[in-house]
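These notes concern the structure reproduced below.
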Amino acid sequence: MKVLVINCGSSSLKYQLIDMSNEESLAQGLVERIGISGSILTQKVEGKDKYVVETPLKDHQDAIELVLKSLVDEKHGIIKSMDEISAVGHRVVHGGEKYATSVVIDEEVIKALEEFSKLAPLHNPPNIIGINACKALMPKTPMVAVFDTAFHQTMPEKAFMYPLPYELYREDHIRRYGFHGTSHMYVSGEVAKFVNKNVKDIKTITCHIGNGVSITAVNGGESVDTTMGFTPLDGVIMGSRSGSIDPAIVTYLVKEKGYSIDEVDSLLNKKSGVLGVSGIGTDFRDIRSAVENDNNPRALLAMDIFGYQVKKQIGAYAAVMGGVDTIVFTAGIGEHAPEIRERALTNMEFLGIEIDLEKNSSHNIGDGMEISKESSKVKVFVIPTNEELMIAKETLDLVK
Ligand code: ADP
């Protein structure tokens, strides 16, 4: 059975075709600049040259049509006909409180997703457009929505409620939702295999550290708290997002500095975080090079804040769960930045965490590598995330 995984952004679309008989990824691709000039598709198939198509794509339906054509392309594709695609799994950012698990998409689901667009105005609308475009082109193929928020629906009320007037929750659904759920679910499941335990029997802290950052306390396989909140702006410092700050800073910027709401929004989402502190950029490799080559003090500060905030959260979530057995680092920075892991994990022996600095500095993580010492009570791993495989598994489970 082959499952196509689709992740639709506002002007881009990532896809992957996965053979579920052996969980092998058959093709991966990216379509960029949908609806704007210079549209381009790039597809990779094992053992074949990279396939690049530059052609105007006026909307997501055009883009998905091109994806399907590329997958069945005689020379560059991997399947003979679209009929080989048994199901499509769509990554959807927001499933509100209604969806605590993945769901087979029907008209009612699409209506609900439209409703949740209020909560995720940048993300849900392109997700819905992608679903509708796929439905138009493959009307008989079952489709499943896999939500970024679903995994976190197990959080207790005390963790997800903000201390605001209760009506804002009841009427406007303002609460912590949490994101990156597919990734947290995947790596918390994987780490259990590494330590030969059932996921139900361990307490794990999962640190998803990419452009977006979220850390989750996973107790017995269930998310019990997470750092991202009502939106993905909450929590730990990120590439260009501030993470949690004193909310009174917003009022100060508006009242004292004359910022408009849109300017505040852009400041917190696009000009803060590592970029704001360092003045260099959002890409961690640029920060690293500024530290290593120029001794840049603001780049160093950005790194220090980053490691410090991750450490603080690990401490908090160990407290929340009454201990921790395993910690996982994943996503671009989590997988490739020993500097952040070192900052987050040193001087944590009091919690039973002993980092092995030599193992930590290895870049060869393979399917996963341990970075804690043999004597460490808490086992720490770096595990590459695989949200696409998780989406495909969820899809298969529901359509089987
Ligand atoms: P997204 O949240 O967009 O999916 P990723 O998980 O791809 O993000 O992570 C992107 C981040 O990972 C960027 O800051 C990038 O600099 C960082 N990154 C990727 N590769 C490396 C590397 N080899 N060393 C350090 N940082 C890296």
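Glycine is treated like the rest: Cβ placed from N, Cα and C.
Noted in TrEMBL for the protein shown:
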- Asp148: active site, proton donor/acceptor (ACT_SITE)
- Asn7, Glu387: Mg(2+) binding site (BINDING)
- Lys14, His208, Ile209, Gly210, Asn211, Gly212, Asp283, Phe284, Arg285, Gly332, Ile333, Gly334, Glu335, His336: ATP binding site (BINDING)
- Arg91: substrate binding site (BINDING)
- His180: site 'Transition state stabilizer' (SITE)
- Arg241: site 'Transition state stabilizer' (SITE)
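This view paints the features noted in TrEMBL onto the structure.
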residue: Lys14; record: ATP binding site; Cβ neighbours (10 Å): 17
residue: Arg91; record: substrate binding site; Cβ neighbours (10 Å): 22
residue: Asp148; record: active site, proton donor/acceptor; Cβ neighbours (10 Å): 26
residue: His180; record: site 'Transition state stabilizer'; Cβ neighbours (10 Å): 30
residue: Ile209; record: ATP binding site; Cβ neighbours (10 Å): 26
residue: Asn211; record: ATP binding site; Cβ neighbours (10 Å): 16
residue: Arg241; record: site 'Transition state stabilizer'; Cβ neighbours (10 Å): 26
residue: Ile333; record: ATP binding site; Cβ neighbours (10 Å): 26
residue: Glu335; record: ATP binding site; Cβ neighbours (10 Å): 19
residue: Glu387; record: Mg(2+) binding site; Cβ neighbours (10 Å): 25
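In terms of C-alpha distance, the listed recorded positions Lys14, Asp148, His180 place Lys14 closest to Asn7 (Mg(2+) binding site). For ligand 1, the neighbouring binding-site residues among Asn211, Arg285, Glu387 are Asn211, Arg285, by Cβ distance under 6 Å. Taking only the Cα positions, the spacing between Glu387 (Mg(2+) binding site) and Glu335 (ATP binding site) is 14 angstrom. Distances between the Cα of the residue listed as 'substrate binding site' and those of the binding-site residues Lys14, Asn211, Arg285, Ile333 are shortest for Lys14. In the structure shown, across all protein chains, Asp283 is the one of the binding-site residues Asp283, Arg285 with the greatest number of other Cβ atoms within 10 Å. Ile333 (ATP binding site) falls within a helix when secondary structure is assigned with DSSP. If you measure from the Cα atom of Ile209 (ATP binding site) to that of Asp148 (active site, proton donor/acceptor), you get 15 Å.
The CA atom of Asp283 (ATP binding site) is located 13 Å away from the CA atom of Arg241 (site 'Transition state stabilizer').
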